[in-house]
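Report on one structure; see the data block that follows.
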């Protein structure tokens, strides 16, 4: 009779040793069960994961829908004194409190759904916002002030990061607040230096403040986000390299080299991608198939972000410069239909992403355990305001030696006051790999408090302050109070400048754009060589086809409006 014994069983093979009465030993080796082709969950675990993902999608869409209704109510009932970002953050806080009560009563557990995931923010929500900012940029005012904007965005952000980071480090060494090492202090100073003056820009547009002030604040905020992310990544890179045995000068030089590589490498990659997209859509005529044309634009819009992140550069910096270049060259190679479609789609997607970010920012108060240290929070707020002042006032006085349009003390004060913090600092704070966990909770809690403090208090009081210091343009003073509108959604306007160079023929471009304008430097080089090389000059046939296409769309719209939903023409007189 055979006796069966199981032995030597491992994850790789199943070994069976059979001993028989004849003394013959037979060892059978059975193959390992096949692994799944993809590392996916199966069975009950897969079903639970699918249910959790479904609830996350449902919850996110529900939050967006409620926020859209809220923005609609702000516009309809003319609650123009309240910026959209402040309203959406407040709604997020309210919804977070309700969810916390539901969880406490054990009616449901939505804790996972309300979590603000940094990877989702950086991969899905932030790229459309940054690309739309670059694509809708008024490039005339931007490049006329590019020197001042770059100085504020790069050197100003670095100054603020060093002031905040250095202050936190030395206060910790003096046992005034919790201790952080040098790299962690600089990482926190870098992430908290990212300004996000969405509410302030809406107020600037509503009150028609000085256009130079508007562009300085807006331009700084666009570049500042990318610079802050690069500085934070630089600090994290130094932490990963364990540079405790390296001298201070070597640390500084390596950090500077890493920053320059990230900044200029990412900017060059984004610029190159934008130029390639212009050449592709210039020589491959997709204007008669707008769906293919639009699809190609969407691909090129996200392409530099993925490539930059894949080769350890800054995807945010790359996608920003790609958006600027594509709006300057590629946009004019598109058909009129795709031009309009691209602008409206980018506005819509950016609005949804911004709304989602601000809503989940409010929800995040209840998302994870907090470590609140009152002295740390107060000193951080003081350092943030002081770092912003050290950034704005000295650089403004320095720039006034070289500027024709001077930055007045009132403008400096508004620029200092408009340094609101948004979702980028919070997402970066969750992305930091700080140890132990109490340190991460302290940084996350402090960042949330600073962000909410600047958005709710500073953002909500910007309009009364502008009224008080009388920084409005002369035309704005003649506007009645009922015309003041703080809704970014309602005041979107035209994203791209009105002069569509692609609508000019070769002769018209030469006669009306180059000869009649006194262009110098890069603007002359761009108008004379770069623009003709990267954009398509229309023939008379192309121009005629474009006009027919737009006329057909206009007639179709008019027919739908004239007939109305019932198909009758009885209401035609009421429309006109």
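Glycine is treated like the rest: Cβ placed from N, Cα and C.
Within the list 239, 489, 505, the entry that Swiss-Prot describes as phosphothreonine is 505. Looking at 328-348, 349-369, 517-537, the stretch flagged in Swiss-Prot as transmembrane segment turns out to be 349-369. Here Swiss-Prot gives transmembrane segment for one range in the set 186-206, 207-227: that range is 186-206. The stretch that Swiss-Prot tags with transmembrane segment, taken from the ranges 17-37, 374-394, is 374-394. For the transmembrane segment (349-369), the partner stretch with the highest count of Cβ pairs under 8 angstroms, out of 55-75, 151-171, 306-326, 412-432, 446-466, is 55-75. Residues 215, 219, 222, 225-226, 301-302, 305, 315-316, 319-324, 326-327, 331, 342-343, 346-347, 349-350, 353-354, 356-357, 423-424, 427-428, 430-431, 495-497 of the same chain, all 6+ positions outside the transmembrane segment (118-138), place their C-beta atoms under 8 angstroms from a C-beta of that stretch.
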